[in-house]
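Here's the structure, in structure tokens; my notes come after.
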Amino acid sequence: MSDLSNFDVIIVGGGHAGTESALASSRMKCKTLLITHNVDTIGQMSCNPSIGGIGKGHLVKEVDAMGGIMAKAIDQSGIQFRILNTRKGAAVKSTRAQADKILYRQAIRHALEIQDSLFILQASVEDLIIKQNKVIGVVIPKIAIEIYAKSVVLTTGTFLNGKIHIGMNNFKGGRSGDLESSSSLSQKLRDLSFRINRLKTGTSPRIHAKGVNFDCMSVQNSDSPLPVFSFTGSFEQHPKQIPCYSTYTNKKTHDIIRLNLNQSPVYSGLINGISPRYCPSIEDKVVRFSDRDAHQVFLEPEGLTTSEIYVNGVSTSLPFNIQTEIIHSIFGLENAHIIRPGYAIEYDFFDPRDLKLTLESKFISGLFLSGQINGTTGYEEAAAQGILAGINAARYVQNKPGWYPRRDQAYLGVLVDDLCTYGTKEPYRMFTSRSEYRLSLREDNADLRLTTVAREFGLIDDNRWRIFCLKQENIEKERQRLRNTYIFPYSEDIVQLNRFLNSPIKNKVSGEDLLKRPEMNYVKLMQLNTFQSVKLDYQVFEQVEIQIKYSGYLLRQQEEIKKYLYYENTLLPIDINYHDIAGLSKEVIDKFNDCRPYSIGQASRIPGVTPAAISNVLIWLKKQGLLKKNVKCT
């Protein structure tokens, strides 16, 4: 990098959002600079060492479908793989993997270092250069330089004015062991038009394996066959697999916590930031669920070359000596040694209602925000926002319109719509229950939903595109074959078939119709000579089975989506003055001005906006000749 003065895109932060942003914009042929305060912590897992889970696994698959790195990195570093929710159907089935933190970080950094058009700089950004409400660069006082760019993506995680708490002691820092915290950048941003609040998150103690009695615990091995995250990955890429373990807290544990709540920075009032609802500290669990005598605890190895274990389920910010008592009270951990204490961290976040759905600021052109800075929690939520921000930062540079997925198109669409429409007062976590179209938004079809549009953006290379097109072709061929292949009551396979069925067939039936039966699946079908064919890739026959088995429900959901798209594609003018619309209450006008919805669909989802108010807006648009449709729904 001979010229530090000008870039197309600057990414501030090297976490899970920043790395996806940097890779996306550079793949789209934009000269990109990723600035991080420590290159050795690029891709660091600051909390638990895992990727995926319910709802989160869907986001990882979507990032992969658009050419992102997270799924590939966990395939190369995962040491325990499982599929969750297998009994609840394909829609909510989610992949989760335990990671070797060192291997994961290495995989991410390697991807950055070999990427064309991408440069890395170790430095701390303390200010933005803004002219006429447009960002044009960043300021790095410690090395006395200014770097200019056409767009900037902020992915600062918990480092904006971060404060770490352990008991009554606190100190500045973005995470434990990393005392870098950007209070100056936070203050500069406060001086702009952004609404800024505080959130809190926390992490569990890490212990040494040699003091753990694993014999009294339940063992959790990897699933067989081994799951794979990336659509182009394989289980052969996985390193050695090792188990996780589970145990429980008990009455003694809870008594220790209750006795020392006065030393908790949360319960003593020292912390004002709002905690994550769905990842509560052990103190919160004991207080909120006082009727429970035990809470499950998972022991998660942090890697193949370390004896460090993450004690998942015991997130705490109590003093170190109390943490030691808590750990020693848990079955199997009586002699465990704490390597790193748990802690809580408070940090600044920006109200995401101040962002467009492209994650660009509504006030500062060319400035994009992604990750925990927008009020989310989790590596997966950060990565998903990161790839979206990177795409749109590049499209901004290329003078192309911004892009965002709809709610019916991706969990990423649900994520950004929830954030930008409702905002958040607590760390936002993705769940499958947040999507009204989850039957259509499955892990298995993320590539079918998003890879084509990613190819248009330049995120998918020729080899990946060839593999994807072949998969689509094979799915269609197999569906057609099963649709046109019949078995008859007098066929030689009929006896074996009837063993599979709850009721015998009396007339000819196609392979497609057989797969619609709940007791039938593709593996059983292929045991019949009538339907046997060349061996298909697992992704192909899984997709064929799901598309056929859920066809009736999917058609019904498509009808719902058509109704949703009518309002979603009815666009609202950017400069609309809601005071001009008769019949709107002051409350509704204030809500519209607060959110500045892009469409009737988004406007209708704002809490407190009534159907009558939406009707008034539609009538006004029609009278003004402004009833416009967004024809291209991508």
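Every residue gets a Cβ built from N, Cα and C, even glycine.
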Listed co-binder of FAD (same site as Gly13, Gly14, Gly15, His16, Ala17, Gly18, Val125, Gln372, source Swiss-Prot) among Ser181, Ser182, Ser183, Ser315
Ser182
Nearest of the binding-site residues (Gly13, Gly15, Ala17, Val125, Gln372) to Ser275 (NAD(+) binding site), judged by Cα-Cα distance:
Gln372
Rounded to an integer, what is the Cα-Cα distance in Å between Val287 (NAD(+) binding site) and Gly15 (FAD binding site)?
33
For Phe289 (NAD(+) binding site), the number of neighbouring Cβ atoms whose distance to its own Cβ is within 10 Å equals 12
Largest tally of Cβ atoms lying within 10 Å of a Cβ, found at which of the binding-site residues Val125, Cys279:
Val125
Please report the distance from the Cα of Gly13 (FAD binding site) to the Cα of Phe289 (NAD(+) binding site), rounded to the nearest angstrom.
37
Within 10 Å of its Cβ, which one of these binding-site residues (Arg277, Lys285) has the largest number of other Cβ atoms?
Lys285
Quick note, Gln372 (FAD binding site) and Glu283 (NAD(+) binding site): C-alpha atoms separated, nearest Å, by 23
What span in Å does the FAD site cover, taken as the longest CA to CA distance among Gly13, Gly14, Gly15, His16, Ala17, Gly18, Val125, Ser182, Gln372?
18
